[in-house]
Every structure is written in structure tokens, then in C-alpha cells.
Amino acid sequence: MSFREESGSDDGRSSSTADLKRPFLHTGSWYRMGGGSVGGAGVMGSRQSSLMDKMMMMSSGAVIKDTAISAFLCTMIVALGPIQFGFTGGYSSPTQSGIIADLGLSISEFSIFGSLSNVGAMVGAIASGQISEYIGRKGSLMIASIPNIIGWLAISFAKDSSFLYMGRLLEGFGVGVISYTVPVYIAEIAPQNMRGALGSVNQLSVTIGILLVYILGMFVPWRVLAVIGILPCTILIPGLFFIPESPRWLAKMGMLEDAELSLQVLRGFETDITAEMNEIKRAVQSGSKRTTIRFAELKLKRYRVPLSLGIGLLVLQQLSGINAVLFYASSIFKAAGLTNSDLATSGLGAIQVVATGITTWLLDKAGRRILLIISATGMSLSLLLVAAAFFLEGTFSESSNLYHIMSVLSLCGLVAFVISFSLGMGAIPWIIMSEILPVNIKSLAGSVATLANWLTSWIITMTANLLLTWSSGGTFTLYMVVSVFSLVFVVLWVPETKGRTLEEIQWSFR
């Protein structure tokens, strides 16, 4: 059954208003091919029949059933973006020695290379909200894919640090846009009872990208590894033409017929979408009396509270030191006394994938808050173990048994830290950010929150080598203090969002 209630006011809307709200660019989908606009007075039955006729006539010749295109399949396609994200983030770990040797870089110069992706991501984060606002979620991902591809090519052909740095900046820009757009898109298309699980696919894909670069980095040179990095976005671009745009974004832009059709495709043609579409329409109407919002208005409680929560979680996620561990895992394991640090790093990546997969399964069962509490507690305890092991390790000679015991303890602590992080603080801050921000401030507030995340990530990445050189035990003590504060922050302020629609969550802050 299609959405037709309260349609009189929409059909009566002036054409000038509709034109003003129409996006700069609206990327197409296969289910729109070959057809014009849908008549306002038509019934869903005829539209459904028309859609099925178009699908049956597709050049691929595949028989696509009405429930085949779902939120799950759409999530799998956009998950190629986070895989690119993870591949970019993990690239500096297995390639450090090779790049330094081939291009004659110093440790400081390589640290700049490792951190430049964060600088580019900050620029991408600033632009991500507006890009996503004016050309849609799918259009944003297409835009983000291009600099990623160019950046990997620049790195693969680099003869000196200039091309290396330029490529890293371009990759970072694309990743900055992806990091905002993918969780927002998934949250806006996912059914209420699957939003947590589908939302955590974003972080699961990041960990898969990290694992892939760790494993491949053991077998292929860094230039070849950069060429392989092109693949996720190269596949993503054509894949975006086969999925619908976010129905909530379409509704916000005044394209209610397209929004209804997108939602019907996402839920299946046998599903009654009336109630959900009515709720989306009411949320858009209550929050879109003006198309722009000023920074000053973010001080209002209904905006200030969700924005503070979103920024707080995303900043604490990075201050925990996770990127220091993942970006420089090989160096950390060498410092811990492990001879085969690359293999240990790959094992760490595999553990992270498994732990994040468990989170994906648990999110819509256990809830967000309890997993965040478990995660922050585990991170605090494991970082305490790592810090103590590194402090004690310095008091023994490298040939003693106690030194090797401390090395094993530090490794166990790092593994426990990554598992604990993956159980909550990895995926959930992005999910909550995409859930709690009202639709009319999502472009501005989402950009601010994403920028805060990447700025913190840059600071952590840039200082990691210097801090580890200063004191490994002291570095992980600082990260432990942050994890303890994260636990307090979650217990005192973070609400549970499981089992509530996006509109219900956003109304709760009013």
C-alpha cells in the first residue's frame, strides 16, 4: 500500500517551491530507468506493475523479484566505501619500512605521510554535509570515489615525497566524505529493527579493509598495494546506480513521489509503507520551515544535546588511541619484542573483524548503551595492562624471561583493547551520530561531528610515533585515562536508541 494520506497539500504545493527544493544533482537508479514522473493520482498497483515490467526488461536479463532490492543489499554496496576507508587507514602499517627505504624518508616524514590522510579527511568532513545535502547520499559517494582513485594512483607512481603526500591528501578527502555519508545513508534506509545491525556494517567493513591491507602488505610491494587500493571505489561507482536514494533525503528535498518509491523498493512491494512515510513527512515538515540553519541555532537544546553527544562519542573514540595502534601496529609489536610483527598485526586485524561481526549481531538485541559500557570498561582495563607491561619491561634485560613475559602481556593487552574497542566504541558512535541528529541540521551538525572525529584522529596519528618514542608505557596510560572518561560519559549522558524510529529519537530532544 502506498503513501497517499495528507497528499492534498503536497500536490497543491507551488511549482516554484518544488523547484527551489530540487537538488543540484539527482543520481539515477535502475528502478527509475526509462520512466518519467509518477502521476500524483495514480495507485500503487499500477506503479508496481510498471516497475516490475521495467525490471523484467533490464538488459542484464536477470529476473529480479520485488523483495530482492532491500536495505541489506543496499548496505552491502555502500559498504565498499568503508572498505576503502579501512584500506587507507591501515596502509601505513605494513608499508612503513618499504616506503622509507625506497624514497629515503625519515621517521618524521613518514609520520607526516601517515597523518595526511586525516588532514584530507578533515577537509572532506567539512564539505561532506553540504555535498550530501545538495547532490544526495549516492552522489556524495560518487564524488568521494574519484579523489580516492586518483590518490592511490599518485602514491603508486610516487618518486618522491610530494606525490606521496598529494595522494594521501586526496585519499583522505574521499574518506572524510565517506565516513559521514555511509552511516547516514544506512541509518536513513534501514528498517527500525535492523538499523543497529546494518549500521555496524559500516565499521565491520572498515575492519575488513584494514585486515586486507595488513595481509596483502606481507606479500606485495607498497606500490602494488596502492594499485589494489583502487578497487573498492572502482566497484562502488557503478554499484551506486543500482540502489535507491535515501527516502528521507528525497522527502527533505521536496521529492515526495521519489521518496515514496524509494521507500517502497527498500521495504518490498508487498509492504504497507503508509505509517512510515507519514512519519517521515511529518518530521520533514516540522524541521524544514527554513532550508538553512545558522551555527548560533545549534545552541538550542534540541540541537545542542544531540550534537554534543555525537561530537563527544566521536572524539572519545579517537582519543582512545585506536588509530595509533592500528596505524603503527607493526612498530608497536616490534617494541614489544615480537620478531614477526607483520604476522601479529594481521592477526590483530582478523580479531578486530570477528569482534566487530559479533557487535553487528548483538546491536539490535542488547542495545547501544550496554555495549558501549562493556566496550569502554574493557578498553580501560586492557590499556592498564599494556601500560603496566611496557613500564615493567623497561626494568628487565632483553635476554631475561621476565622481559619476554612482559612482551606477551603487552600483546595480550593490545588484543584485548582491540576486541573491547570493536565491541562498542568502534561502530556505535557513528551509528548514534546518524540516529540522533535531526534531519534539518544533519548536514551542518554531521559535518561538525565528523570534522571533530578526524581532527582528533589526526592529532593522535601525528603524535603516536613521538609519544611511543618518549614512553610506550606513558602513551598507553594517557589512552587509558581517556577510556575511563569515555565510560563515565556513556553512563551519564548517552541515551538508548534501540527500537525507536529516527523521528522518535530526534523528537525526544525537544
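Glycine is treated like the rest: Cβ placed from N, Cα and C.
Note that this is a predicted model, so its numbers are computed, not measured.
Feature list (source: TrEMBL):
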{"type": "COMPBIAS", "residues": "1-13", "note": "compositional bias 'Basic and acidic residues'"}
{"type": "DOMAIN", "residues": "74-498", "note": "domain 'Major facilitator superfamily (MFS) profile'"}
{"type": "REGION", "residues": "1-20", "note": "region 'Disordered'"}
{"type": "TRANSMEM", "residues": "67-87", "note": "transmembrane segment"}
{"type": "TRANSMEM", "residues": "107-127", "note": "transmembrane segment"}
{"type": "TRANSMEM", "residues": "139-157", "note": "transmembrane segment"}
{"type": "TRANSMEM", "residues": "163-186", "note": "transmembrane segment"}
{"type": "TRANSMEM", "residues": "198-216", "note": "transmembrane segment"}
{"type": "TRANSMEM", "residues": "222-243", "note": "transmembrane segment"}
{"type": "TRANSMEM", "residues": "307-331", "note": "transmembrane segment"}
{"type": "TRANSMEM", "residues": "343-363", "note": "transmembrane segment"}
{"type": "TRANSMEM", "residues": "370-392", "note": "transmembrane segment"}
{"type": "TRANSMEM", "residues": "404-432", "note": "transmembrane segment"}
{"type": "TRANSMEM", "residues": "444-470", "note": "transmembrane segment"}
{"type": "TRANSMEM", "residues": "476-494", "note": "transmembrane segment"}
Remark   = Among 163-186, 343-363, 404-432, 444-470, the stretch with the most Cβ pairs under 8 Å to the transmembrane segment (198-216) is 343-363
Note = Lying 6 or more residues past either end of the transmembrane segment (307-331) yet within Cβ distance under 8 Å of it, the residues of that chain are 89-90, 92-94, 96, 114, 210, 214, 298, 341-342, 344-345, 348, 379, 383, 414, 417-418, 421, 425-426, 428-430, 432-433, 436-437, 441, 445-446, 448-450, 452-453, 456-457, 460-461, 464-465, 467-468, 475-476, 478-479, 482-483, 485-486, 489-490, 493-495
Message = Can you tell me which parts of the same chain pack against the transmembrane segment (404-432), counting only residues 6+ beyond its ends and a CB-CB cutoff under 8 A?
response = 179, 183, 187, 195-196, 199-200, 202-204, 206-207, 309-310, 313-314, 316-317, 320, 322, 325, 332-333, 336-338, 344, 348, 351-352, 355-356, 358-360, 363, 368, 371-379, 381-386, 388-390, 392-393, 396, 453, 486, 494, 497
Inquiry  = Out of 163-186, 222-243, 370-392, 444-470, what stretch is closest in contact terms to the transmembrane segment (343-363), meaning most Cβ pairs under 8 angstroms?
reply    = 370-392
